[in-house]
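Down below is the structure, laid out as structure tokens.
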Amino acid sequence: MNLQKAFYSLLAVALASSTFAFAPHTPVGVPSKHKSSSTFVMKDYPKPNVENTDNYRLYNELSSSFRNELKAAPANKKKVAIIGGGLSGLACAKYLSDAGHEPVVYEARDVLGGKVSAWQDEDGDWIETGLHIFFGAYPNMMNLFDELGIHDRLQWKVHKMIFAMQELPGEFTTFDFIPGIPAPFNFALAILSNQKMLTLGEKLQTAPPLIPMLIRGQDFIDEQDELSVLEFMRKYGMPERINEEVFISMAKALDFIDPDKLSMTVVLTAMNRFLNEDNGLQMAFLDGNQPDRLCKPMVDHIEARGGKVFTNAPVQEIVTKEDGSVDYLLLRSGEKVVADEYVSAMPVDIVKRFVPMKWQNMPYFRQFDELEGIPVINLHMWFDRKLKAVDHLCFSRSPLLSVYADMSVTCKEYADPDKSMLELVFAPCSPLAGGNVNWIAKSDEEIIDATMGELARLFPTEIAADEKWPSTVKQGAAYPNAKAKLLKYAVVKVPRSVYAAIPGRNKYRPSQRTPIPNFTMAGDWTSQKYLGSMEGAVFGGKLAAEVVAKKALGKELPPMKEVQQHIIEAAKKYEPRKPAGVKGQGAIAFGGGATLKKDNEKLLREVDPNQFVEA
């Protein structure tokens, strides 16, 4: 027993010392044929064994159930209208088509993917909504790649995590996972073997508060939702440097916010998910743009089985019958969409604008008021030469930047032997996310200047002092041999990204089953254990498909999640009003990300003025 306690203590220390990212939207290798000054080269690694986990087997059984016990006979076949063509809506449609139903997806925008959408600029370069990484511990996503036969589109990287060293500009430190060492020992050894980020004394001081996570499990994790990461740390006497070295990086990677805003349940959930999977933290990049390489195979699968996917098909209103059930969807085109079942796969901030008057006094829908999306900015920066290329995801440990990757090295489609293209997550970017500056309201030039200054600080021997970007002149004056200059850039602002996982929010995430008999809820913000992430989106859509498939066969449905008593009381007093609906068109109108041109900025100021509140 004492040996077991000693192991738990050691493991907790290791976990506390790591700044891994179980990130919703963080995407880190392809052998390089080109010369480079980097000590890292482009190299793909074999697909790890992601199938040999309890979670994979569990969700693989759920996938199989749609083709077997949940398969509908012709008499039970349902037409299902799905609002939203992001990963969750497409996953819902995919599994319903497997079960013999006829899903029809209505996407408001001209591109699919939602938070993983991408589009080409005038030069033909791809602009992505976010930097996305696929983890070995994403069982539903790994199921999906297997079922679609596209595992070869994942470029797996060496099993390590890489961090920029702020105090040693231009240098990195790594956590290396030794092949053949099983979890959780591989995790512990990777962290404990790194001597650059925390002292042994700091690791030992951090361990005791985390031991209950290992012993009590999910009950302890759920109880911490009322505490921010910083509050948890201080309550249990963790050293302050843990925040600077560990939790700031972790919080921004997990939810784009700082530790004083992030629920500790999110951090503990991420730790717990990776704990017992040998390859849980091994990362992969998609080998190209998400619309072609991921969304299109999902659409092909759906349509080959009788379903349909429409873009440029925005919904104007959810029209209800006298009893409150859905009568039809009214599209902006004037078309009425009549189906047997209806699924919302919209972001929470958009769903709230569509709730019909007859539903507005229902506690289930009133709890949505407690949830909102968090702002984030994704940057693309093309340089005139090759930077020190790291074939992986990098944690910047910067006050402004969360994670980044040189996509010209990590992704086959974006490969360039002569120039680098960095994709960076800029966070926190507004007061809503705990930032000191409202970068959402700033111009693209101000954001890029601040980023160039940070890059010049982190990599002073590479980034040139460029008068076009004053911040580089301040940072780079001591390194006159630094040569890299910016050729072009794109700033993608996502005013409402994944739901803000601030303390106390988890209990308001709704079940996929709703009180409306023919209406089901999908989305990464609904209640499921993989947080707001690509995995959470796929899983949320899969769970919604399960509800619909079971209804069609008259099977027992999953229970509805309990609604908090204060929400029940508030719902009684709420005065219903006509749904606001969505104004305008395009990504910003429907909860996505875009380069914020004048028309988009005007629309955002009108429909979401909180985005422009100064810190």
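Don't overthink the numbers, they just go from 1 along the chain as shown.
Heads up, the Cβ atoms here are built off N, Cα and C, so glycines get one too.
Heads up, TrEMBL stuff is auto-annotated, nobody curated it.
The annotation signal peptide is assigned in TrEMBL to 1-21. Taken from TrEMBL, the feature domain 'Amine oxidase' covers 87-548. The FAD binding site annotation in TrEMBL covers S88, E107, A108, V315. If you look up TrEMBL, you'll see F426 marked as substrate binding site.
Taking CA atoms as the reference points, V315 (FAD binding site) and F426 (substrate binding site) are 32 Å apart. For the pair A108 (FAD binding site) and F426 (substrate binding site), the C-alpha distance works out to 27 angstrom. If you take every residue in the domain 'Amine oxidase' (87-548) and average the pLDDT, you get 92. Of all the Cβ atoms in the protein chains shown, 27 others lie within 10 Å of the Cβ of E107 (FAD binding site). Taking the binding-site residues A108, V315 in turn, the residue surrounded by the fewest other Cβ atoms inside 10 Å of its Cβ turns out to be V315. Taking CA atoms as the reference points, F426 (substrate binding site) and E107 (FAD binding site) are 27 Å apart. Each residue in I82, I83, G84, G85, G86, G89, V105, Y106, R109, G114, A313, P314, A345, M346, F590 lies on the same chain as S88, E107, A108, V315 and has a C-beta within 8 Å of the C-beta centroid of that FAD site, without being one of the site residues. Within the same chain, residues at least six positions away from S88 (FAD binding site) with a Cβ under 8 Å of its Cβ are G114, A345, A522, G523, D524, A537, V538, G540, G541, A544. Around the Cβ of the residue listed as 'substrate binding site', 26 further Cβ atoms fall within 10 Å across all displayed protein chains. Binding-site extent for FAD: residues S88, E107, A108, V315, maximum pairwise Cα distance 17 Å (rounded to the nearest whole number).
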